[in-house]
Amino acid sequence: MAAGVAAWLPFARAAAIGWMPVANCPMPVAPRDHGKRQDELIILNVSGRRFQTWRTTLDRYPDTLLGSSEKEFFYNEETKEYFFDRDPDAFRSILNFYRTGKLHYPRHECISAYDEELAFFGIIPEIIGDCCYEEYKDRKRENAERLMDDQEENKDNKLPNMNFRETMWRAFENPHTSTMALVFYYVTGFFIAISVITNVVETVPCGSTPNQKDVPCGERYTVAFFCMDTACVMIFTVEYLMRLFAAPSRYRFMRSVMSIIDVVAILPYYIGLVMTNNEDVSGAFVTLRVFRVFRIFKFSRHSQGLRILGYTLKSCASELGFLLFSLTMAIIIFATVMFYAEKGSSSSKFTSIPASFWYTIVTMTTLGYGDMVPKTIAGKIFGSICSLSGVLVIALPVPVIVSNFSRIYHQNQRADKRRAQKKARLARIRVVKTGMSSAFLHNKRNGLFNELLELPCSEEVEQHLSKTASLLESQHHHLLHCLEKTTAHEFVDEQLYEQNCREGAVQSYPSCSPSLSSQEGPTGTCCTHQARKNPLPDASVPPTCQGALQELSAVHIQCSDQPALSTSRSSLNMKLDDTSRLNCKSGLITTAIISIPTPPAVSPEGDSQPLTSPSMQTIASSNAVKVSTL
Amino acid sequence: MKAKTREQSLSDSRELDGSYDQLTGNPPSSQSKKTIKQRFLKLLPCCQPSATPSVSQYSIEDDFELSTVCYRPEGLEKLLEQTKFTKKELQILYRGFKNECPSGVVNEETFKLIYSQFFPQGDSSTYAHFLFDAFDTQKNGSVSFEDFVAGLSIILRGSINDRLNWAFNLYDLNKDGCITKEEMTDIMKSIYDMMGKCTYPSMKETAPSEHVENFFQKMDRNKDGVVTIDEFIESCQKDENIMQSMQLFDNVI
């Protein structure tokens with residue numbers, strides 16, 4: 001029930017007096033208003049800005065935060081007000097919703113911020129009033145498209161397990177992914193150009209023999225052109241078949257525009273092959289050659305601008321239709337008028353209305369060839385009106401098409417820009433994250449150093465350590481430390497990890513000398529455990545861990561450390577870290593969503609083959625925690 | 001291109017969106033808008049010289065905006081005298097009233113709309129129409145806050161006899177002092193309309209008329225085919241159920 005109407009409920013109940021005398025049976029008991037309070041003012045303190053409203057105003061919507069008892073969680077006893085640590089500007093529209101019953105979307109507000117506020121206060125966005133709903137939905141769609149674009153780019157990246165067919169398809173769709181694909185891309189482009197040029201040059205008259213007129217080159221060098229044509233068609237056919245093979249959904253591929261263009265480009269050749277002998281249909285055969293020009297459309301795979309143009313025309317179909325329709329109307333009107341105006345004059349070219357169409361079109365598009373000219377005065381008058389109106393009619397729908405094109409083009413530009421910025425952004429985020437994890441390792445090192453050197457942990461040192469780290473940080477580090485102890489492995493620097501991966505491949509057995517290790521038992525035992533079994537448990541890791549580490553689609557947080565650590569640790573047994581690498585769970589994630597896949601039971605000892613096994617690959621990549629910053 | 005006068009173009013656009021002056025119901029004429037309006041508004045009952053000076057101001061806004069008429073009710077003290085509500089109750093009532101009708105008066109359309117929100121299943125427009133007639137004591141096509149509160153005061157704070165009187169007034173559509181069978185049938189139909197189609201047991205066509213027959217048997221003492229006010233009150237006072245149900249209204253506000 002709308003807010004304002006709730007205030008009229010007493011009236012509606014009073015109006016029921018009209019039913020009482022006619023009722024035959026007794027009425028049910030009315031609900032009593034227990035604890036009937038006087039209406040009181042509530043103070044809502046939102047980040048310092050105080051809002052006040054009646055309690056009954058808020059009670060209108062009992063399934064929201066403010067209308068239910070949930071707000072009691074935010075009640076501050078001392079100041080006798082409800083305190084919310086949220087954005088006061090956004091709160092305005094939320095409170096207005098209670099007051100007026102209509103939710104408005106302020107245009108200057110960011111859409112995701114607004115959505116979050118609504119979610120916090122328990123208001124569903126679907127009740128936004130009509131005045132603001134369109135704007136809200138548009139902005140939301142835009143935002144979703146933007147996020148979707150980002151996600152789509154993530155999908156593009158190489159998944160570890162792609163069979164040959166998928167690889168091929170990816171190579172076709174994104175030529176920049178591999179050298180082979182790029183080569184193929186350029187080769188096909190080259191042959192398209194060759195084919196088109198061939199078609200054009202074929203008709204140029206080249207060199208006449210004395211007793212003959214100029215013959216087009218096509219007829220003079222028939223064999224050469226035929227060979228060229230054949231070669232091009234061979235390439236195109238092979239390309240088409242390969243695409244067809246690689247396509248994930250063949251049916252969908254065959255229906256797509258590009259594949260139809262491909263087919264239309266190569267079909268005339270084959271039909272020509274079949275039909276050359278038959279004289280009757282040679283005329284048709286000649287016509288078919290026209291279709292060879294469609295090969296030029298194959299360039300749209302190579303040019304983004306062409307694709308945008310095509311997409312614009314498709315999206316402006318209605319405007320184009322309107323343009324066409326209005327032009328047709330105008331042409332018919334003016335052609336009729338011109339015909340009847342010029343009917344009287346002698347030797348008039350306006351022999352019929354359809355004949356006048358040509359004049360009208362030429363005049364309205366301001367071409368003015370001059371092959372048909374009105375001679376009578378009436379004809380001239382109407383002719384001038386025709387040309388003026390032509391300008392108008394054409395000028396009207398064109399800006400719509402242009403603005404559409406501009407919008408799509410800019411959207412594309414933005415996508416490219418985002419992609420370029422993304423790499424830089426991700427790199428910066430990575431730096432920040434490694435900074436945070438290095439802080440942990442730094443602190444740990446300091447602590448460990450003290451343990452190792454068996455320094456009495458003097459008060460000053462402890463105080464110094466605690467001052468440098470805030471309470472939050474120290475608690476966080478403690479947490480990570482506990483995790484290390486639980487799993488009996490350690491967090492380590494990314495560079496160190498890579499280094500050890502490489503080293504692990506080269507050396508034949510890990511030289512573990514447990515004595516010098518500052519780490520406690522677990523890793524020591526792990527190492528000895530290793531030594532007992534296959535000496536090369538992780539030889540398979542290096543090539544894959546490189547690949548896994550180079551993924552940019554998600555921020556893989558390998559625990560990193562200062563390079564200084566490696567030098568200080570070199571006195572300790574670095575090689576031990578090899579085994580810990582495998583279970584290197586990542587470190588610090590603050591704001592992002594963590595998806596930790598459950599690591600499979602890592603038993604590198606079980607690997608009898610030192611060479612790459614796919615399972616190792618998956619283990620390495622799945623153990624790294626993928627973080628996507630939203 | 002001839003430049004239209006500002007007023008002319010405004011009035012054209014007003015005609016286009018069909019915005020009419022609320023009170024007069026006529027499209028605003030271009031030239032002598034103000035004077036006619038002023039003259040007409042003087043005729044309104046709220047502007048009678050009998051009313052106190054604090055009563056019913058009207059304000060006609062600028063050219064650029066649609067001319068709205070703001071109707072302000074009598075002062076709080078006056079209403080306190082006229083009705084049996086307390087000050088706080090009047091305040092609450094007015095706040096709710098003003099929220100839904102910022103202009104200060106309810107016309108029949110808004111009235112019907114508000115009432116229909118409470119009965120989503122059936123068609124409550126006919127009954128709302130009868131209610132509107134009952135509340136609109138001054139018969140000027142709109143219910144002001146005073147009318148509203150006066151009616152509510154009788155229903156919610158009046159004596160049983162007052163309430164029965166009010167109900168009789170509601171039933172008596174032509175206000176001639178007696179309820180005929182036709183009037184009762186109209187009322188009954190409007191009440192049954194509010195139920196809508198989906199009822200259990202399903203609504204028969206004859207249900208309203210049967211109910212009317214029942215009513216008349218009970219109420220019409222002298223069997224003359226009409227129910228007068230005295231018959232009505234007498235019969236109601238004898239009926240326990242009706243007396244009981246009249247008590248319901250004590251605690252609505």
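If you go along the chain as it appears here, the first residue is 1 and each next one adds 1.
Each residue, glycine too, has its Cβ placed from N, Cα and C.
TrEMBL entries are annotated by machine, without manual review.
The compositional bias 'Basic and acidic residues' feature in TrEMBL is assigned to B:1-17. Look at TrEMBL and you will find B:21-33 tagged as compositional bias 'Polar residues'. The domain 'EF-hand' annotation in TrEMBL covers B:123-158, B:159-194, B:207-242. If you look up TrEMBL, you'll see B:1-33 marked as region 'Disordered'.
Taking Cβ pairs closer than 8 Å, the domain 'EF-hand' (B:123-158) reaches residues 23, 44-46, 71, 73-74, 79, 82-85, 90, 93-94, 97-98, 104-108, 111-112, 115-116, 165-166, 169-170, 173, 186-187, 189-191, 193-194, 196, 249-250, 252-253 in its own chain, all 6 or more past its ends. DSSP states for the domain 'EF-hand' (B:123-158), grouped as helix (H, G, I), strand (E, B) and coil, give 24 helix, 3 strand, 9 coil. Note: the domain 'EF-hand' (B:207-242) comprises 26 helix, 3 strand, 7 coil (DSSP; helix = H, G, I, strand = E, B). Remark: secondary structure over the domain 'EF-hand' (B:159-194) totals 25 helix, 3 strand, 8 coil, with classes taken from DSSP. On the 0 to 100 pLDDT scale, the domain 'EF-hand' (B:123-158) averages 90 in this prediction.
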